[in-house]
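For reference, the structure discussed in these notes is given below.
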Amino acid sequence: MLNKLSAEFFGTFWLVFGGCGSAILAAAFPELGIGFLGVALAFGLTVLTMAYAVGGISGGHFNPAVSLSLTVAGRLPAKDLIPYWVAQVLGAIATAAILYVIASGKDGFSAGGLASNGYGELSPGGYSMMAGLLIEIILTAFFIIIILGSTSSLAPAGFAPIAIGFGLTLIHLVSIPVTNTSVNPARSTGVALFADTAALSQLWLFWVAPLVGAVIGAIIWKGLLGRD
């Protein structure tokens, strides 16, 4: 079990470091930097690369919503769910702390949102709580369908990380303006703890919505689409 939890810790670490790190350190440097497209691609690439690296050890979840969906779908034992969540959240917190230290090394540093998620005044585009709730539920549900479908016995072998990585990239392209894109409670928790905003007070949405979306996605796949 230790090797599985270690894989989830380091996999989540890499996801947050590559994804949130690109947003914090590179999105606006120099001037335009890598922008939304670059950040979206960074999140997708982190999942793709680490899924190939450690997916064979733990399943490559790196996300409490994914772990919940796999439990609902019967692919992850219920007894493993909470340990997976703990490893994922700790990995995200460790990464956020390191990113904070790195970012603070720049003159005139201000933590600001630190790539955290939010709605209302904390939404990049000023979107409401309801808009944030809906988009996070819908996109998480489809992310789960992509994951369950691409890793099923019906799909071509060996290509799942590519589909999942591109799926996460597309999700970010759609929703960065709305919530700064979560679909991952661990990712949201890590950076919220170090943000110099009210991100922590809005964190509930980025647990509730992805977990609800995960259950919906798993039910859709298991009940209507999948045969495995």
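For all residues, glycine too, the Cβ spot is worked out from N, Cα and C.
What Swiss-Prot says about this one:
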- 1-21: transmembrane segment (TRANSMEM)
- Cys20: site 'Involved in tetramerization or stability of the tetramer' (SITE)
- Phe43: site 'Selectivity filter' (SITE)
- 46-66: transmembrane segment (TRANSMEM)
- 82-102: transmembrane segment (TRANSMEM)
- 129-149: transmembrane segment (TRANSMEM)
- 154-174: transmembrane segment (TRANSMEM)
- His172: site 'Selectivity filter' (SITE)
- Thr181: site 'Selectivity filter' (SITE)
- Arg187: site 'Selectivity filter' (SITE)
- 205-225: transmembrane segment (TRANSMEM)
From Cys20, Phe43, Thr181, Arg187: recorded sites whose CA lies within 10 A of His172 (site 'Selectivity filter'): Phe43, Thr181
CB within-chain contacts under 8 A for Thr181 (site 'Selectivity filter'), separation at least 6: Ala40, Phe43, Asn117, Leu139, Ile171, His172, Ser175
Proximity verdict for the transmembrane segment (154-174) and the transmembrane segment (1-21), three or more C-beta pairs under 8 Å: no
When counting Cβ pairs under 8 Å to the transmembrane segment (82-102), the leader among 1-21, 46-66, 129-149: 1-21
His172, Arg187 as recorded sites, winner by CB count within 10 A: Arg187
Distance from Cys20 (site 'Involved in tetramerization or stability of the tetramer') back to Arg187 (site 'Selectivity filter'), taken between C-alpha atoms, in Å: 8
Listed in sequence order, residues with CB under 8 A of Cys20 (site 'Involved in tetramerization or stability of the tetramer') and six or more positions away: Thr95, Ala96, Leu99, Leu114, Ala115, Arg187, Gly190, Val191
